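Chemist: Encoded as structure tokens, here's the structure I'll be asking about.
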């Protein structure tokens, strides 16, 4: 170790250097007199001391660089240049930690939100196993068709208000704190269902869990978007739809063999797991910086994203935007209302509303909520309906995994178009088959089953995951909570309408017209999205916002 290094690391390094100097001055005669075992122990101690000193030096230098980094940001009026913090000054002796730690931290942060979304999937899948059990003769709670539709739809009823509340909640208290707040009513809802001995408690429990699904709808994508890099953002956002699909599958799997109350008890575990994970991660750095907490924001950003050039460039853009906002005069109420008409809000809001409505009115949640009934009507009595439901759930989960991979590799537009076209074709073909057979028994049950399988595959790789992914990408920081809340509220209003009307459409219009309606909506919606949907893959959130603001957002 040289003199410069001693000056940088202080007394700890000096003492370590002195110890090594004394060891190197031992004479050969002294070594000969020592016991061989003592010599070996001295060598081991020397190595340990050297390594301890080296990593102490690294830690000290890293802390000094972080303090300098934050101070420069605070003092600078024009932002921090990328050259102010050299990469070789950061963990230069520990390339493994420098390279892999940010990806691991981003995974941990995303998992906390994804587990909460998984609980939302349990809510969506729960009615499909609850309703058949309530209709059994031995059930202590009576359930007719009207009651069943309300039990299913009660979860969807508060989802839209939940989205609007969440927009305010995440802006006021932060993304991570909002997750904490959602976990309490989520747990309460499952406890009420587990303890229910009458219809009122079931409906109340479904209301609370549905409210939390609405709360988590915009919250999860926004939190993941603000805590992940552009390279990893797509796969983590796609994991939201995977979590929902897996939650539906687990609810169906457990409920196939377990009583509905014990299924609810098991569902209580997952909000608790999410809270534990949230305690290990920081708040969204974008939100912290937007609230003027620059130092905390920089620390959170560095913990999540590391110190590479791309991360520093994005951090500089976020801080420069905050500084520019500080220089602007405080807007009046009239100016705030006028700002809601800005193109960077209106354009993405219109796109997301079209996207969410297309997804919902393609019938995705009608299939999830009434799996047994729809399979019975579409496939007939030739197959075990519960086994068929689980097979469809497995396929939905597998295709959600495929969506995570394809969303990382391919753009949003091609996936949307492929998904929409095949979703429409599968529904139209299923409708034509049912019209042709006219309810008569047939040995061709594999045809409607194949149509359902193609439908699940197609909708799971595009129309389901993409709106939730882009909901966290396309809105500007200052109205991200509002924009994602309104667009998510739109999908949950559509969600409620589809789930509440599906049984009536089946009985009044028939399966043929119901499935044909879902197919036509998918086709028309995909046609509209072809002309308006932008490509956001690989772009930073700031870049997407700037392009919407300039009106030059590309659909290519």
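Each residue, glycine too, has its Cβ placed from N, Cα and C.
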Chemist: Examine the ranges 207-224, 297-314, 315-332 and name the one recorded by TrEMBL as transmembrane segment.
Modeler: 207-224
Chemist: Region 'Disordered' per TrEMBL: which of the ranges 1-39, 40-78 is that?
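Modeler: That would be 1-39, per the region 'Disordered' entry in TrEMBL.
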Chemist: Please identify the stretch among 236-254, 349-372, 387-407 with the greatest number of Cβ pairs below 8 Å relative to the transmembrane segment (149-170).
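Modeler: Answer, by Cβ pair count: 349-372.
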Chemist: Quickly jot the same-chain residues contacting the transmembrane segment (108-129) by Cβ under 8 Å, restricted to those at least six beyond its ends, or write none.
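Modeler: Hits for the transmembrane segment (108-129): 151-152, 155, 176, 179, 182-183, 186, 193, 206, 209-210, 212-213, 216-217, 219-220, 223-224, 227-228, 236, 239-240, 242-252, 254-256, 260, 263-264, 267, 270-271, 273-274, 277-278, 280-282, 304, 365, 368-372, 389, 393.
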Chemist: Before we move on, state whether the transmembrane segment (236-254) and the transmembrane segment (512-533) share at least 3 Cβ pairs under 8 Å, counting only pairs 6 or more apart in sequence.
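Modeler: Contact criterion not met.
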Chemist: Test the contact criterion for the transmembrane segment (207-224) and the transmembrane segment (481-500): 3 or more CB pairs under 8 Å, pairs 6 or more apart in sequence, then answer yes or no.
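Modeler: Yes, the stretches contact each other.
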Chemist: Taking residues 6+ outside the transmembrane segment (349-372), which of them lie with a CB under 8 Å of any CB in it?
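Modeler: Cβ under 8 Å, 6 or more out: 124-125, 127-128, 131-132, 152, 156, 248, 252, 385-386, 389, 392-393, 416, 420, 423-424, 427, 452, 455-456, 459, 463-464, 466-467, 470-471, 474-475, 483, 486-488, 490-491, 494-495, 497-499, 502-503, 514-515, 517-519, 521-522, 524-526, 528-529, 532-534.
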Chemist: What stretch in 182-201, 387-407, 414-435, 447-469, 481-500 has the biggest tally of Cβ pairs under 8 Å against the transmembrane segment (512-533)?
Modeler: 414-435
Chemist: May I ask for the residues of the chain that lie six or more residues beyond the transmembrane segment (387-407) and have a Cβ under 8 Å from a Cβ within it?
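Modeler: Same-chain contacts beyond the flanks: 125, 128, 234-235, 237-239, 241-242, 244-246, 248-249, 252-253, 256, 367, 371-372, 375, 379, 415, 449, 452-453, 456-457, 460-462, 464-466, 469, 537.
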